[in-house]
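Asks: One structure coming up, written as structure tokens, with questions to follow.
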Amino acid sequence: MALYSAAAAVLAGLERGEGCLKGLVYNSGFPHVRQLYALVSETLRYASVLEKLLDGAALLQAEKKLAPQLAKVLVYDLLFGKGLKCGGRWKALARRHRARLEAELARMKVRHKVSRNEDLLTSEKAVSAAGEWARAVWAPCAGSSGGLCLTFPAPAASQVPRYVRVNTLKTCVDDVINFFKRQGYAYLGKAASVEELKALSGKKFLLDLHLPELLVFPSQTDLHDNLLYTSGHIILQDKASCLPAFLLGPVAGSHVIDACAAPGNKTSHLAAILKNKGQIFAFDVDPKRVATMNTLLTRAGVTGYQLAQQDFLTVDPRDPRYSRVTHILLDPSCSGSGMVTRGPGEEAAPSAERLQALAGFQRRVLNHALSFPALQRLVYSTCSLHQEENEDVVKAVLQEWGSVFRLVTAFPSWPCRGLAAFSGSESCLRASPAETLTHGFFVAVLERCKEGAAAPSSLPAAAENPQPGEGMEPGTASKKRKKKKQRVR
């Protein structure tokens, strides 16, 4: 019952405009935030379908005491999710109406001439209640001064696959593949194109074409109860979110700062790249997020990290503890406009004032990060589509630090590049549901200049296409991992 009540409370908070989806989930007090986030996200994605089901089955008229938000959560899990594995009296209530709800769902499929539940999402009459998105196009942001935004229609959300990062601190890619095969999944090998990822269905999966430890499953695949996930052998992490740590590529033994670290997926990825050798300093100002991150890192088998509830802007770069920090991952607060799953309480087009405030903070924190004396390499990333938070921030900071740091052209074959906001901005990366089948994302890699260096540098081809089981060191391909991994039983 606690899960469904917590999910209903988050939905109600979104409708009242009390915050964004992530914020409401993390502040809910529910102990399993990933489970809660997944349930609310999927309920939002099916919101329009659920509303039609509730109307057609007259559930709210029959159950006067049942709140609409709770009804949506219950019906989603009953018909599209895990089948109400918890819920107490609410489960019993929903099951009393199961036959009527299933009959209404069947009628909807007939009306829309579809056979699968997820096909209802792409029907013209099943546009997400999380808010209609504009047709996919670069266009000036509302209220901005010349910035461009890329927005996507709701059906793009259903096209983003389920990405699974193999946690090499506990296992290896081959063992995880074999485990899924024993569970009845069909492994199709390494993907050759984004189109292959888009065509995935049923219980089939691929090895990603770009990242060597990333498996790709159909979007509807739910692995939250899978043994590999609950034991920390796999991390459910969007592909775009894997790029920052991968492109930072610290060598084993490095000292690294994760400046705005919660919920911790990128931190655990850094630890895997470091092979738990070295030191990670992870900061986040929110105590609940820090507690969640500590749980995640422990489950993932991460060691050699110091977790601090502290605003990164208050960290002293001259503190002797950070004298050996050579790498910084900076993923600061942003508008979140690139997130595919958006609730009605989340801004689809933040105001000019909001963007200006965010960009100001982002410039300050990036400037602060570059002031660490031993820093050699930094990755700046956001899950925003707005130029103001991305290229404009990098441009402004490089105007101050251009003689000390330069942009690195990482992943030259990546299909989405930075907007032409300044000379060299094509060195930056962008990601989008339409072009890369991921959440919207932005990544810039900055590297300390060597004497006489001025132009953006490129990573060699060996680093661009590492083999499974390899990390990526700055400017070189990593040596193959020789550490024996714990085998998945």
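Backbone N, Cα and C define each Cβ position, glycine as well.
Because TrEMBL annotations are produced automatically, they should be read as predictions rather than curated entries.
Found this in TrEMBL, in case it helps:
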type	residues	note
BINDING	C260, A261, A262, P263, G264, N265, K266, D284, D311, D331	S-adenosyl-L-methionine binding site
ACT_SITE	C383	active site, nucleophile
REGION	456-489	region 'Disordered'
COMPBIAS	478-489	compositional bias 'Basic residues'
Asks: Please give the greatest C-alpha separation between any two of the S-adenosyl-L-methionine-binding residues C260, A261, A262, P263, G264, N265, K266, D284, D311, D331, in angstrom, as a whole number.
Replies: 19
Asks: Between the Cα atoms of C260 (S-adenosyl-L-methionine binding site) and C383 (active site, nucleophile), find the distance and write it as a whole number of Å.
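Replies: For C260 (S-adenosyl-L-methionine binding site) versus C383 (active site, nucleophile), the Cα atoms are 13 Å apart.
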Asks: Rounded to a whole number, how many Å is the Cα of G264 (S-adenosyl-L-methionine binding site) away from the Cα of C383 (active site, nucleophile)?
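Replies: The separation of the Cα atoms works out to 15 Å.
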Asks: Long-range neighbours only, meaning 6 or more apart in sequence with Cβ under 8 Å: which ones does D311 (S-adenosyl-L-methionine binding site) have?
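Replies: Once residues fewer than 6 apart are set aside, D311 (S-adenosyl-L-methionine binding site) is near F283, V285.
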Asks: Rounded to an integer, what is the Cα-Cα distance in Å between A262 (S-adenosyl-L-methionine binding site) and C383 (active site, nucleophile)?
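Replies: Rounded to the nearest whole number, the Cα-Cα distance is 14 Å.
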Asks: Taking the Cβ of each of the recorded positions and counting other Cβ atoms inside 10 Å, which one has the highest number: C260, A262, C383?
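Replies: The residue with the most neighbouring Cβ atoms within 10 Å is A262.
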